[in-house]
Structures are given as C-alpha cells and as structure tokens.
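Annotation comment: TrEMBL describes B:8-184 as domain 'Cytochrome c assembly protein'. According to TrEMBL, the transmembrane segment annotation covers B:12-37, B:57-84, B:96-115, B:130-149, B:161-182, B:202-224.
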Amino acid sequence: MMELLPDLGKNAAYIWACYGLGAFLIGGAVVGTVLKARAAKAALKRMQASDEDAA
Amino acid sequence: MGMLSAFANPHRFLALSHWLAPLFYVVGAALIAWGLWQGLWVVPKDDYQGGDIMRVMFIHVPAAWLAMASYSAMAAASFIWFIWRHELADIAAKAIAPLGAVWTVLCLATGSIWGKPTWGTWWQWDDARMMSVLFLFFLFLGYMALRAAMDSRQKAARAGAILAMVGALNVPLIKFSVDMFTSLHQDASVITADGPKMAAVYLWPLMMSGLGHSLLFGALVMTLMRAEIWTRRAARQRARLLAGA
C-alpha cells in the first residue's frame, strides 16, 4: 500500500495536509450542497401535496 | 438585455441546470483528479521552488483563482440584481457566497501550510497578499451574516448587493498586492502581462486543475440555486395556502 504513495520528501506532511484539507472542505461542500438541494426539493413536494389536498 | 432576460428565467434555468450541473460535476471531478495525479505523482519536483513543497501549488493556486473569481461573480450578479432586479441574479449571488468562503478558506489554509516550510512562518500579519485574502474571507462571511440579519428577502438582497459591489474593490487589490506592496508571496507567474512564466510541465496540470475546480464550483452554485428556487416556491405555496385557509 505504502509503495503506491509518492515519495514527497521531508515536506510530505505539509503536502498531504494541504490535499487532505482540500478533500475535506470540497467534499464537505459537495455533501452539504446536495443534502440542501434534496431537502429543498422534498419540502416543495410536501407543500405541493398539501396544496393539492386543500384543493 | 433581452438575451439576459431570457437566461434569467427560473424555469429555463432549472431545465438547463438539470443536465448541465451533473455534467460539470463529472468533468470537474475528473479534471481535479487528473491534476492531483499529475501534481503528486507525475510532475518533477522543482528545486528552485523549494523542492516537493511546490506540489501544493496544484490545490493552492486553483483555490486562490476561485476565491477571487467567485467574489467577482457574486459582485457581478449583485450588480445585475441591483440594476435590473432579476431574481435569479440575487439567487446566484446568495448561492456563490458560502462556496466562495469555502474556497477562500482552502486558499488561506494551504497558503499558510505552504508558507511554513518555505518562509519559516505560518502567517505574516503585515503581508498585503495574506491580509487582503483574509479580508475577502470576511467579506463572504459578512455578506452571509448581513443577509441573514435582514427581516425580508428584498432588504437582504439590497444590503447584500451593496456590500458585494463595494467589497469588489478588494479583488484587484489582492491581484496586484504583490506588485504594489512588500510581500513574502511570490509574484504572479501564470496570469501576467507577458504571459505565463511557468514551464509547460507544471502549467498544463495547473490549468486543468483550475478548470476542474471552476466546473465543480459552477455545478455546486447551480445546485444551490436550484435549492433556493425550490425553497422560494415552497414559501410562496405556503403563503397561498395560509391565505386560502
């Protein structure tokens, strides 16, 4: 497994920290955005269903 | 203006973004992955740029581009809302803010981590580049806080638009801060008047990574805009129901 990773020399910890942080922040933004969109769509569908029931 | 109005229709936007956003997600993620692979495994280390630590460039520089581009886009959308009152422009500005803040944090954090082994410090409080990017982050936060503090959508849009437009003055300050002031940060090496100063072996992966980040950012903005359109429709439906009850 370890041999698959590139040899980044003495600053490897700094480099991996940057890419790890990037994965965390961008991954978090993607997950948060998709969940928010799903929740908004579900709320609109519920509201439309209530509207139809009322009609 | 007629063309702008045509694209500013929420129905058309929902139809367009329905297929454009997934495409941007896939192509953006693929380009970022390719840039990551190039940056970590393929390109040779550059001893003139501190050896392997320059590999941070493939995430730090796209994050910096996106931080500035996203604020510019937010200010442009705010301007369009301010002049023509297109609801979609306000929705776009609102959607860009949290994502712009994420990419700005990424720029600040990766820059700080890169700075420690390169300059011997995580942060320099009197450095114009660092402080102007930090100020950009506070502008994004301030924009979101200001909108949240308003009691109506119209007031939120107006206050947010004014802040976004005034804050746009900070963007050229970031870009030219390394030329105008003393800074630890290196001079521009990609977007310069004389063209890129970087070797092609580094430039191509960097450009592709930048394009990937831009596409992913665009996909996320479209997704948040869709969410906001649905939220506003649900609110209008709720108001109609309450009025009819």
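Cβ from N, Cα, C; glycine included.
The recorded stretches the transmembrane segment (B:161-182) and the transmembrane segment (B:57-84) share 3+ CB pairs below 8 A when only pairs 6 or more apart in sequence are counted, and are therefore in contact. For the transmembrane segment (B:130-149), the residues of the chain that approach it from at least six positions outside its boundaries are 64, 67-68, 71, 74, 94, 97-98, 100-101, 104-105, 107-108, 111, 123-124, 156-157, 159-160, 163-164, 167, 170-171, 173-174, 177, 183-185, judged by C-beta separation under 8 angstroms. Averaged across the domain 'Cytochrome c assembly protein' (B:8-184), pLDDT for the predicted model comes to 93.
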